[in-house]
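J.: This is the structure I have questions about; it appears just below.
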Amino acid sequence: MSIRMAASAPLIMRIMASSLSIAEKAGEVIRDIMSTGDLNVVDKGQKNFDPQTEADRKCQQIIIGSLSKQYKDLKIIGEEGAEDLSKIPQELIVDKIDSQFLEQYKCPESFKDISENDLVVWVDPLDGTGEYVAGFVENVTVLIGIAFRDTSIAGIIHQPFFKCATTNKMGRTIWGLKELGTSGYNKKSPPENKLILTTTRSHSNEIVNATIEAIKADEVLKVGGCGFKVLQLLEGKAHCYVFASPGCKKWDTCSPEAILEADGGILTDILGKHYNYGPNVEYPNRTGVLATAKGIDHESLLERIPIATKESLIKKK
Ligand SMILES: Nc1ncnc2c1ncn2[C@@H]1O[C@H](COP(=O)(O)O)[C@@H](O)[C@H]1OP(=O)(O)O
Ligand SMILES: [Mg+2]
Ligand SMILES: [Mg+2]
Ligand SMILES: [Mg+2]
């Protein structure tokens, strides 16, 4: 595809195609920094340990620097704070665009006339930092989510330490756009006649645990990262993701929500409401996360969440 043809594709498709290339580069950097053995960890936490590594910082610069260069009016919010674009080293800027994506997929009618001012991009440069530091590298993902007027519509999840069984290639990229579909993973339904719940590995507390207890799942998986848990739903490894805590932020859920919903699943708070991803919202997802795989009854899981859990998260607002 010529540069001119790529430039004529609808905006949402171009942002996705750029983000696919940018996320791959971020994944390379995440692997490279791990291989140096020095993650250069800083604690961002006020009360509890909240690690940030060299990879979180560098990947945020890659993603925000590269998207801002190509899309000047785009509002981009990243977990690691505001970036001074003039201080981002040139070698971190990716100007490649995934032309194969643009050739292969057509923009859904409803998103054809979107302008940069209608969008917010939510960036989690490294989701699962605690797991990156602890060595559970499979849980680590790069998340780029795109919201159109308050609603999450598109997402990219890059998993840097996924090893392809046939080619041995490291890293895979999953994407989803509502009304178009999803790609990049093994689409599978979870097993019938049993309920597998996935939840936090490192951020549990009394309410988180009491809520899991009340759901009465047959199996509980404890893994890190919002991106990784939604991947488990997409690949049929779990039926639901339950996190009754205000710990996740908009950059954690924006991309996974769009991909899961483009696949037929649902991601809401534990009251059943979708989060608002508009330009001026607060960052914390104060009323938790409940996500269900395609074909799983979201409503019936909502009913299993204790009233005490709901009241306690509403009170914390
Ligand atoms: N209490 C918390 N403090 C900081 N980040 C949190 C907290 N709870 C959840 N998160 C973010 O949400 C992700 C999913 O949570 P969990 O792994 O506990 O299920 C975490 O990897 C972390 O993102 P990040 O690693 O990008 O900082
Ligand atoms: Mg995160
Ligand atoms: Mg992060
Ligand atoms: Mg973090």
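Easy rule for this one: first residue shown is 1, then count along the chain.
Note: Cβ is positioned from N, Cα and C throughout, glycine not excepted.
Source: prediction; values computed, not measured.
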J.: Which of E79, E80, E206, E299 does TrEMBL put in the same Mg(2+) site as D124, L126, D127, D252?
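T.: Candidate listed by TrEMBL for the same site: E79.
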J.: Out of E79, D124, D127, D252, which of these binding-site residues shows the lowest number of other CB atoms within 10 Å of its CB?
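T.: Fewest other Cβ atoms within 10 Å, among the binding-site residues E79, D124, D127, D252, is found for E79.
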J.: For the Mg(2+) site (E79, D124, L126, D127, D252), what does the 8 A shell look like? I mean other same-chain residues with CB within 8 A of the CB centroid.
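T.: Leaving out the recorded residues gives D56, V123, P125, G128, T129, T141, V142, L143, G225, C226, G227, K249, W251.
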